[in-house]
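Report on the following structure.
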């Protein structure tokens, strides 16, 4: 079930909200939480009923293992063994669904064989809830997790707004909110704020991101089929996809944050205007922030972080980003994307460590160019298609500025991309717009930026003018659904 579908907007969401708060008012908090967990399981099963048993099985498994790790009568060695085996088993499940075909392809290439095991369907959201459960188990082992009830823990993992594509929420962020008695009491301001954030996200997805998809997809599809784009088409397609991915994924995060707020839960921020970053480290402080946090806390720092010399630091950065690339997908394009970002971070670390600086405008342009090149690999069907795109971008297919030359490329592609770029680079983000009402948990590690006069005027308030603005955005988003409904890009991960 998609957030941008009428069955969700007109049936599932209003019914779930109404029943949840009615149970909270006339029954008991535990019953209301249990209902919301069941509704979340139904939401997940809408896609494929079989796989709901997989996620529920993992929830039971990780909860029981967490209980064992909490015990004081186990030795440190036995607890360490329990953790290692549990994490290995969870990763084995993820590896089977996500990496079996990739590894089998590598084996066939090396051995000259043609082994096949048939189609393996990747369960939705498996990469996200796997990381949530691993973080909980590691924290339970380190005595940093509280004693939770199964009903509360089940909702923490399966809560439908963040189940499919994050944000990746920590137990210490969500469960204290879930355990409050007040969670089951409807609050008007949370409903209004949540609905408004959701409306902004709906507009970003169906109007902006899906419009950009109509520009990016024909170019990348042409490159994948052996048709080399012109110089202008290659740049237009690469820019369109870079913006599409941002608006699509941040739209999902906005909608998830808004939905959770309606249920009196605040999720952590996941985006903070990443295309305003002036260096690659700053980009990763702004892009998919909850993934960056997980990779830092549960991979980079345990590997040694920056504590064991320059060579080890560089190695740790590369390992972290390579595995981050593989987390996104099983393919050489994702491996290379991760390797590029690892190299970019290493270069930035060495550059800043040497005390070198460049003008902010040049630093921003360099950062955006590096990110753009890496996105080409992220989007391309394979390495050949990526290299065809990059070759055209440097004039390898001539210097023609003619567009459209590719079938299906809209004639208004340039103004669509230009308008989206202006919004991404110049407009305030959702966290800033809803700053007066604490749109998200305070995950942002950036210094608080002083808003300009126009940006301050754009801060959301529960007033009639803002109700009209949000209503128009949501209406435009809903009308756009009539044309076609597309999945969010990060559903594939």
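Just so it is clear, glycine is given a Cβ too, placed from its N, Cα and C backbone atoms.
Copied over from TrEMBL, here are the features:
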type: TRANSMEM; residues: 51-69; note: transmembrane segment
type: TRANSMEM; residues: 81-97; note: transmembrane segment
type: TRANSMEM; residues: 117-138; note: transmembrane segment
type: TRANSMEM; residues: 150-172; note: transmembrane segment
type: TRANSMEM; residues: 317-340; note: transmembrane segment
type: TRANSMEM; residues: 360-378; note: transmembrane segment
type: TRANSMEM; residues: 463-484; note: transmembrane segment
Positions on the same chain near the transmembrane segment (463-484), where near means CB under 8 A and six or more residues out:
4-6, 9, 195-196, 198-200, 202-203, 205-207, 210
Chain residues in Cβ proximity to the transmembrane segment (81-97) (below 8 Å; excluding those fewer than six residues from its ends, i.e. six or more beyond):
54, 58, 61-62, 65, 68-69, 74, 120-123, 126-127, 130, 133-134, 137-138, 141
Cβ under 8 Å to the transmembrane segment (117-138), counting only same-chain residues 6 or more beyond its ends: which ones?
44, 47-48, 51, 54-55, 58-59, 62, 65-66, 69, 83, 86-87, 90-91, 93-94, 96-98, 100-101, 104, 145, 156-158, 162-166, 168-171, 291, 294, 297-298, 327-328, 491-493
Which sequence-distant residues neighbour the transmembrane segment (51-69)? Criterion: at least 6 residues beyond either end, Cβ under 8 Å.
41, 44-45, 79, 82-83, 86, 89-90, 93, 121, 123-126, 129-130, 133, 136-137, 140-141, 145, 148, 150, 153-154, 157-158
